[in-house]
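Pulled the feature table from Swiss-Prot, pasting it below:
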type: REGION; residues: 18-105; note: region 'Disordered'
type: COMPBIAS; residues: 50-61; note: compositional bias 'Polar residues'
type: COMPBIAS; residues: 71-85; note: compositional bias 'Basic residues'
type: COMPBIAS; residues: 93-102; note: compositional bias 'Low complexity'
type: REGION; residues: 145-170; note: region 'Disordered'
type: COILED; residues: 207-254; note: coiled coil
type: REGION; residues: 264-316; note: region 'Disordered'
type: COMPBIAS; residues: 286-298; note: compositional bias 'Basic and acidic residues'
type: COMPBIAS; residues: 301-312; note: compositional bias 'Polar residues'
type: REGION; residues: 352-379; note: region 'Disordered'
type: COMPBIAS; residues: 358-374; note: compositional bias 'Low complexity'
type: ZN_FING; residues: 378-407; note: zinc finger
type: BINDING; residues: Cys382, Cys385, His397, Cys401; note: Zn(2+) 1 binding site
type: ZN_FING; residues: 489-518; note: zinc finger
type: BINDING; residues: Cys493, Cys496, His508, Cys512; note: Zn(2+) 2 binding site
type: REGION; residues: 507-527; note: region 'Disordered'
Amino acid sequence: MAGLQLAPHLPVGVMFPHNKTEAPGLHSAKHDPYEQSDSSQRPSMGHLRNSFQSKLWSNTEMEQEDEVSTRPKRNVCTKARRHSCPHSAGIRQQGSGNNAQGQGKGLFYLSSPTPRYPKANDQDFIPFRRKRVGVDRAYPLKPMVHRKSHSTSDAGADGDQNGYPRLPDSSEFSDNSFGLRSWVNSSLLASVQAEKVVAELHRTEWTQIQRLEAAGESLQKEIRRKEILLQEKLKKTEEGLRRMQKEKKQAIFQEDRELQRMVLPRRRVRDGDHDTPHKPCLSPEFRSEVFSRNRGEDQTCDQAQENPSPRQLSDYELQKLKRERLMASNSKIRDQDAGPSADAFFQPAEELGSTLQESSRSGTPGSSGSSSSTEEPELAKCSHCGRSFLSLRLQRHSTVCGKMQGSKRKVFDSSRARAKGTELEQYLNWRGPATAKAETPPPPRKSTWRQKHESFIRTLRHARQVQQVIARGGNPSDLPSILPADNPDYVQCPHCSRHFAPKVAERHIPKCKTIKNRPPPPRRHDS
C-alpha cells in the first residue's frame with residue numbers, strides 16, 4: 001500500500017471514450033453488466049467529458065502557438081508525440097479480447113471533433129465501473145507505474161490485472177513539448193549556422209574572384225601601356241634613322257658640290273701659269289653651263305635623291321675626271337725636273353672643251369632621249385699596274401706609273417739622322433760595311449731537336465750511374481766515358497779541337513789562338 005496513491009474523485013461512474021466511433025465496438029450488450037443502469041448518470045458523464053476536453057484543448061492551444069511560429073517545428077512535434085504515445089492498435093485488440101472473454105470491462109474513449117494526437121495506451125485512461133446504488137463511489141488506489149518502463153504489452157497486462165489505466169498527465173505533455181522545443185531550437189540554430197558558414201564561403205570566393213579579375217585588368221593595362229611605349233620608341237628610332245640617312249645623302253651631295261667649286265678655280269689658276277695656247281682650257285659656253293647647273297643643284301637636290309637620272313651619272317663622270325686631273329697636277333708639281341713638257345700632259349683646249357660639252361649635254365634634261373643612246377667611253381688598261389683608264393688619260397698615267405714602278409724608295413734610317421754632325425757619325429761610317437754584312441739574314445738551319453734530345457737523355461743516364469757507384473763506395477772513373485754529343489750547330493776550335501756554340505766560338509777562337517801562339521816561358525836556372 002506504500003507504493004499506491006489516491007486517484008482523483010470523479011463524479012461520474014462511466015469512463016468516456018476517446019472516439020465515439022470506437023465506443024460501440026469496444027463493448028456490447030452481452031458482456032457489459034452495467035448496461036441496464038439508470039439514465040440519471042448520463043448528464044454527469046457529459047460534464048466529465050467536457051472538463052477533460054477543455055483541459056486537452058488548453059494544452060493543444062499552447063502547442064499551436066509554437067507551431068504557428070515555425071512550420072517545420074509542427075512536423076517534428078507530431079513525430080515526437082507519435083513516438084512518445086503508443087498507438088491504440090493494441091488497445092483495440094485488448095478491448096475486443098476482454099469483451100470476448102466476458103470480463104465486462106467497458107473501455108470508453110474520449111471523442112473529440114478534430115483529434116490531433118494519436119490514441120493513447122491503456123495506461124493513459126482510467127477505466128470506470130458503475131457502482132451499485134447505495135455504495136460509495138470512491139475509486140480504489142491506483143498502482144504506481146514508471147513512465148519510461150510502460151509499453152504496449154505491459155499496458156495490456158496491467159489493464160487485465162488491475163483494470164485501472166491511468167489518465168494522461170498534463171506534466172507529460174509539458175515535458176515532451178519542452179524537450180521538443182529545445183531540440184527544434186538546436187536544429188534551427190545548427191541550420192542557421194551552416195547557412196552562415198556557406199554564405200561566408202561564397203562571400204570569400206566572390207572576393208577572391210573580384211581580386212583576380214582586378215589583377216588581370218591591371219596586368220592588361222600594364223601590357224597595353226608597355227606596348228604603347230615600345231611603339232613610340234620604335235617610331236622615334238625610325239625617324240632618327242630616316243633623318244640620319246637624309247643628312248648623310250645631303251652631306252655627300254654637298255661634298256660633291258664643294259669639290260666641283262674647288263676644282264674649277266684651281267683649273268683657272270693653273271691655266272693662267274701656262275702659255276697662251278693652253279690658257280683657254282674651258283670654253284665660255286661650258287663655263288656658263290657648269291655655273292647654271294651649280295645654281296640649280298639646290299632646287300633639284302631632293303628630286304635627284306629619290307629619282308636618279310642620267311644627269312647624275314654624267315656628273316659623277318665629270319667629278320671623276322676632275323679628281324684625276326687634280327691628282328695629276330699634284331704629281332706634276334712634285335716631278336717638275338723629270339716630268340715631260342706641258343704639251344705632252346695637257347691636250348688642246350678645243351678637244352677638252354668638246355669632250356666636256358658632250359658629257360654635259362648628255363646630262364641635260366632636254367637630251368633625255370639622246371643620253372640613253374650615247375656610247376660609254378672606251379677604257380684601256382695600264383701596262384704597269386693593270387688598272388683601266390680613259391684613252392685620253394692613259395698616256396699620262398703610263399708615264400707616271402712607269403716611273404713609280406722603276407724607282408725604289410730609300411729606307412729612312414733614323415739612327416744615322418740622329419748621329420749626323422756628331423762623333424758617332426764617323427764610327428757608323430767606319431762600321432758601315434760590317435753592319436751591312438751582318439744585316440744580311442743567315443740561311444735557315446735544319447732543325448736537330450731530336451739529336452739534342454737523345455744526347456740529353458744519355459747524359460742523364462750516365463749521371464745516374466755515377467751517383468749509384470758513389471753510393472756503393474766505388475770509383476766513378478771505372479765507368480766508361482760518355483760519348484761526345486754530335487751537335488752539328490757547334491763549331492770546333494782549330495787550336496784545341498773543342499766544340500763550342502757559334503757565339504761562344506767567336507769569343508774563344510781568338511783567345512785560344514793567342515794562347516797557343518804565345519812563346520814558352522824562359523827556363524829558370526837553379527843556383
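Backbone N, Cα and C atoms are what each Cβ position is placed from, and that goes for glycine too.
Remember, predicted model here, so these are calculated numbers, not experimental data.
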Tell me, in order along the sequence, which binding-site residues from Cys382, Cys385, His397, Cys401 have their CA within 10 Å of Cys496 (Zn(2+) 2 binding site).
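Matched binding-site residues: none.
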Reported in the order helix, strand, coil, what are the DSSP residue counts of the region 'Disordered' (507-527)?
11 helix, 0 strand, 10 coil
Tell me, how many other CB atoms lie within 10 A of the CB of Cys493 (Zn(2+) 2 binding site), whichever protein chain they belong to?
17
Determine which residues of the same chain, besides Cys382, Cys385, His397, Cys401, have their CB within 8 A of the center of the CB atoms at the recorded Zn(2+) 1 site, and list them by sequence.
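Output for this site, in sequence order: Ser383, His384, Gly386, Arg387, Phe389, Leu394, Ser398, Val400, Gly402.
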Test of understanding: give the count of other CB atoms lying within 10 angstroms of the CB of His508 (Zn(2+) 2 binding site).
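Excluding its own Cβ, the number within 10 Å is 17.
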For the recorded Zn(2+) 2 site, whose residues are Cys493, Cys496, His508, Cys512, find every other residue on that chain with a C-beta no more than 8 angstroms from the centre of their C-beta atoms, and list them by sequence position.
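Nearby residues not in the site list: Pro494, His495, Arg498, Phe500, Ala505, Ile509, Lys511, Lys513.
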What count of other C-beta atoms do you get within 10 angstroms of the C-beta of His397 (Zn(2+) 1 binding site), across all chains shown?
20
